[in-house]
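J.: Have a look at this one before I ask anything.
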Amino acid sequence: MVASARVQKLVRRYKLAIATALAILLLQGLVVWSFSGLEEDEPGEKGRQRKPRPLDPGEGSKDTDSSAGRRGSAGRRHGRWRGRAESPGVPVAKVVRAVTSRQRASRRVPPAPPPEAPGRQNLSGAAAGEALIGAPGFPQHGDTGSVEGAPQPTDNTFTPKCEIVGKDALSALARASTKQCQQEIANVVCLHQAGNLMPKSVPRHCQLAGKMSPGVQWEEIRAQQPVGGPPVRIAYMLVVHGRAIRQLKRLLKAVYHEQHFFYIHVDKRSNYLYREVVELAQHYENVRVTPWRMVTIWGGASLLRMYLRSMKDLLEIPGWTWDFFINLSATDYPTRTNEELVAFLSKNRDKNFLKSHGRDNSRFIKKQGLDRLFHECDSHMWRLGERQIPAGIVVDGGSDWFVLTRSFVEYVVYTDDPLVAQLRQFYTYTLLPAESFFHTVLENSPACASLVDNNLRVTNWNRKLGCKCQYKHIVDWCGCSPNDFKPQDFLRLQQVSRPTFFARKFESTVNQEVLEILDFHLYGSYPPSTPALKAYWENIYDVADGPGGLSDVLLTAYTAFARLSLRHAATAVSPLATAVCRFEPRGLPSSVHLYFYDDHFQGYLVTQAVQPSAQGPAETLEMWLMPQRSLKLLGHSDQASRLQSLEVGTEWDPKERLFRNFGGLLGPLDEPVAMQRWARGPNLTATVVWIDPTYVVATSYDITVDADTEVTQYKPPLSLPLRPGAWTVRLLQFWEPLGETRFLVLPLTFNRKLPLRKDDASWLHAGPPHNEYMEQSFQGLSGILNLPQAEALEEAARRHTELTGSALEAWTDGELSNFWSVAGLCAIGPSACPSLELCRLTSWSSLSPDPKSELGPVKADGRLR
């Protein structure tokens, strides 16, 4: 009775608050209902809205040698300003100060779609699932992984053929960005709900019970014994993407032999790499490029389709009589010589080498998502619901890097065995199908006894760093990726207990020294006078790609780099030579390269066509822009000495713990991250303060750094646009400085690839409304931080919002010159300017000699290296 009276009293006291809460809930319900349609995002959002994540939370971490980790854990929809505080692989940086995140309602699909309108055609021509049943495992018109590439144009409506009720399917329909993809998803789900998509059972032909897991040991003495019969010949399938042509050439140089065959598939999105590979292949009869290309996304069914089609090609190329199929990526490298590999495979010429996950099948099935239905479209793998594993077979899987015999490849490609046909159908709708398809087919086939549980690779797995759900933007699941090898990992490359012939991953932009060590271990050192052994170049823009791949920030920066360099050329020579060394840029830069030396980023190399101001023919110059160091380490105590570096950038890679935006170029609409590196030492709590160019304190937050923390990083949810100019990030302990760095928010001279107009500049360069970067104001800290009065800076910032044309370029160039310097210029051809050296004679130009990545003619021993 007393409790009831107390409840009534509380209700009377807080009835207004309760009524308000109920009203808010009602309003939220109306908002969610209003978003339940499938209309596209409004164009006024300028493309900055993010798609909602998968719906339910995940489970567990990843199995050995399998890339699937756990179910997508980003199911709850976060607002566009949601920040993160995390320290990959080390204790999490704890954000002590509260920051408010904004949330938007996610869209949903009505649970009962209307019936199909009479006479209306399916967007994909035929139901996606029906077409795939007719030809399982082969690309269909409009598939992401098909030769034709992106989905075909269609009308703006789609009509499900059934009532779609599963939450995964409804979530996928709400998030798919094209109507064709929505139609494909609906078709697949309806077929699955009707029981007409997945095989119920699959025949098993293996006469052995249970899982096959024999191993083969590496014996150095036995490997050197003579081989009975002719040595095996290998078909290497190189699956590549990106722009790292020099690393690909280095790999090909290491594995090449004239007795082997090399078939290269370049992702359809990697046009620069494709052009380079086509040119490379023209010089070697046993190197070919697939005449078709697919978009192969991580975890997608398109990767398996690509492998199956490549295998068929390799079987049908006249004169290519190979014995083993080995797939490699551009981030692989051999760990033993070709002679050792050929000798080993010749002794085991009837074996298929695939790495299995282990003994716990049920755990693997759950973590790999094999009991879930997936479909690939819009360059995304959509989770559509649950399914049953077919009865009658043993399901296996692990790594999607393998060594297969020709006879097994022929069986997979040509057989009409229901085992293969039905498993193709099953794996068409499977996440990471290449990690399980070949394992499962082999383990249930008549050749099951040929399985060896070893894929002859060593992979640099670091679960704490590699399993960060880094692929959740392209797949509704949490995946893992191996880390790059570094010199400290070299002992792992020298496997002695089991045969390993390849290792992954290697990235020259992350660490090239480990490749030098491995290359020396295999083939000996280059002559002492060999140039560029510690240098690495990687193209990031080529004029043949068109400006579409460039952001406004990069377009602004590259053109400004060219102007700065040409002014430098005109002022760096004697007065008598000034006239012939004065140039004007012609058009946009023709190429841009990243330049590294001794595993340190050295800057950008910009190639630009120019016209001499004096009479003379047009020339092409390459310009080296080097970043200027802006870090100051200020602390002297034991705790303060822990700070090693403080950086601000974008494209943070939690696996390798670096910024993939190597030059740190960012603009007003970017969302920067502050990262700190620490030495081991006593625990400490530090305060991070962000200050904009007009001394507005944008934000402040605390981070806790434990004794063994190595890296902390956090992206504050700042309101956009950021004010252009020089920003400062200070790191303090008890308000005493530990360190400070400056970074540039670049004023843009382009917007949507066109010169910036005044009406765009008025908001793009003005900073956030009312100078409020956060809902909470931190301007009260200006006194503690001893910030000066900023009236003059505020007035200058206001005037900058009115700039366009040459005045805007002058402001941009001035800001950029405070953070970048011209380190070199060279001429690609003859130049009238006497101070310009030929690029091929320099040590830094992208046109200078690079013997380690140059292929050359085949040697007498059949090799290139």
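Cβ from N, Cα, C; glycine included.
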J.: According to the record in Swiss-Prot, which candidate from Cys190, Cys206 pairs with Cys162 in a disulphide?
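T.: Looking through Cys190, Cys206, the record in Swiss-Prot gives Cys190 as the partner of Cys162.
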J.: For the UDP-alpha-D-xylose site that Swiss-Prot assigns to Val239, Thr296, Ile297, Trp298, Asp400, Trp401, Ser481, Arg504, Lys505, which of the candidates Asp267, Asp360, Asp371, Asp542 is also assigned?
T.: Asp267
J.: Tell me, from Cys181, Cys206, Cys377, Cys581, which cysteine Swiss-Prot puts in a disulphide with Cys448.
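T.: Of the candidates Cys181, Cys206, Cys377, Cys581, the one Swiss-Prot pairs with Cys448 is Cys206.
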J.: According to Swiss-Prot, the disulfide involving Cys826 connects it to which residue among Cys581, Cys839?
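T.: Swiss-Prot annotates a disulfide bond between Cys826 and Cys839.
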J.: Select the most exposed residue of Thr296, Asn327, Asn683, where exposure means the fewest other Cβ atoms within 10 Å, treating these as the recorded positions.
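T.: Lowest Cβ count within 10 Å among the recorded positions (Thr296, Asn327, Asn683) is Asn683.
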J.: Please tell me which one of the binding-site residues listed here (Thr296, Trp298, Trp401, Arg504) sits closest to Asn327 (N-linked glycosylation site), measuring Cα to Cα?
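T.: Of all the candidates listed, Trp401 is nearest in space.
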J.: Would you mind pulling the DSSP three-state label for Cys190 (disulfide bond)?
T.: helix
J.: Using DSSP and three states only, what is Asn327 (N-linked glycosylation site)?
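T.: Going by the DSSP assignment, Asn327 (N-linked glycosylation site) falls within a strand, counted as strand.
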J.: Any idea of the Cα spread of the UDP-alpha-D-xylose site, Val239, Asp267, Thr296, Ile297, Trp298, Asp400, Trp401, Ser481, Arg504, Lys505, as a max distance in Å?
T.: 19
J.: Of Trp298, Trp401, which of the binding-site residues has the most Cβ neighbours inside 10 Å?
T.: Trp401
J.: In angstrom units, rounded to an integer, how far apart are the Cα atoms of Thr296 (UDP-alpha-D-xylose binding site) and Cys480 (disulfide bond)?
T.: 17
